[in-house]
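Everything on this sheet refers to the single structure shown next.
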Amino acid sequence: MKAAITATAKYLPQSVLSNHDLEQMLETNDEWIRSRTGIGERRIMNDPSKATAYMCGEVALQLLEARKMKPEEIEVIIVATMTPDMLFPATACFVQGIIGATNAWAFDINAACSGFLFALSTASRLIESGAHKKVMVIGGDKMSSVIDYTNRSTAILFGDGAAGVILEPSTNDNYGILDARLYSDGASGTSHLLMAAGGSLNPATHETVDKRMHFLHQDGKQVFKSAVTSMADVAAEIMTRNNLSAEDISFLVPHQANQRIINATAERMGLDQEKVYSNVARYGNTTAGTIPICLAELNEQEQLKTGSNLVLVSFGAGYTWGGIYIKWQ
């Protein structure tokens, strides 16, 4: 038994933060940002009363509507996020409450930008085992809550957003999620992309706030190098393991870190740009939200046909990275 995606949905805040807006806040300009990242604008959740759980809840409600499913039918809810509303309870529990999924059990996965792929793979195993038949998987982040908007190197990259899918048993074992390769490197990856404070090691104090330790920190050059290598390697591995040529692939759906990383991954796979889905110019990096937002847009645009071969690849803090092969049902 394989797991197949039977519904997609996305939520993006209405407020837009453009490169021209950032010019008023930082020593930067539109050309500089576009040439280095490919990003033109990003969405920001400006309402301080709404955060990741709200966005994921909106996605969950849309998923139920798209599948014409009652909330009581959902058996498991998995939310991938690195910006939970609170350290506990889990964001997934808030989502469960929002939609009234009284029969579900719910938990979060934090694998940063790789979170959605880690959650999707976990959910597919729950389906394949026969333990569950209706699993909701959502990736979302309110990155604006952890970004230092006085830091040019990170302020330009990130946006807010969420998206997700419903997984159910495939009607044919030749379709659905057919392969997944997931990796972590805690030996060398933990110091290059992180938020140092807010956990049990550095709980909030006046000192941690003054030192700006509650914002995302990134060693940009090292992360770029590692992301290009890791995403390209895992994409090549997925292709080799499943005897896929560049011609066989309908779409590469990469994590939307920046356009240069996306282009380098596609080049390694030998893919033409028309087979590479990218919306980083419009939304920036929404971390756990990037890949499911892409899937939702592809589905909305009716570009996904029965038998379409999709390769999903990601890279994130930890380091974490992975690839998933889906034959669309």
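Every residue gets a Cβ built from N, Cα and C, even glycine.
Per Swiss-Prot, these features apply:
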type: ACT_SITE; residues: Cys113; note: active site
type: ACT_SITE; residues: His255; note: active site
type: ACT_SITE; residues: Asn285; note: active site
type: REGION; residues: 256-260; note: region 'ACP-binding'
(message) Give me the long-range Cβ neighbours of His255 (active site): same chain, 6+ apart, Cβ under 8 Å, in sequence order.
(response) Cys113, Ser114, Met231, Asn285, Thr290, Ile291, Val313, Ser314, Phe315, Gly316
(request) Would you mind checking how many other C-beta atoms are within 10 angstroms of the C-beta on Cys113 (active site)? (result) 30
(message) Test of understanding: give the count of other CB atoms lying within 10 angstroms of the CB of Asn285 (active site).
(response) 25
(request) Give the three-state DSSP assignment (helix, strand or coil) for Asn285 (active site). (result) strand
(message) What does the DSSP secondary structure composition of the region 'ACP-binding' (256-260) look like, as residue counts for helix, strand and coil?
(response) 2 helix, 0 strand, 3 coil
(message) Across the region 'ACP-binding' (256-260), what does the mean pLDDT come to, as a whole number?
(response) 95
(request) Using DSSP with the three-state reduction, classify Cys113 (active site) as helix, strand or coil. (result) helix
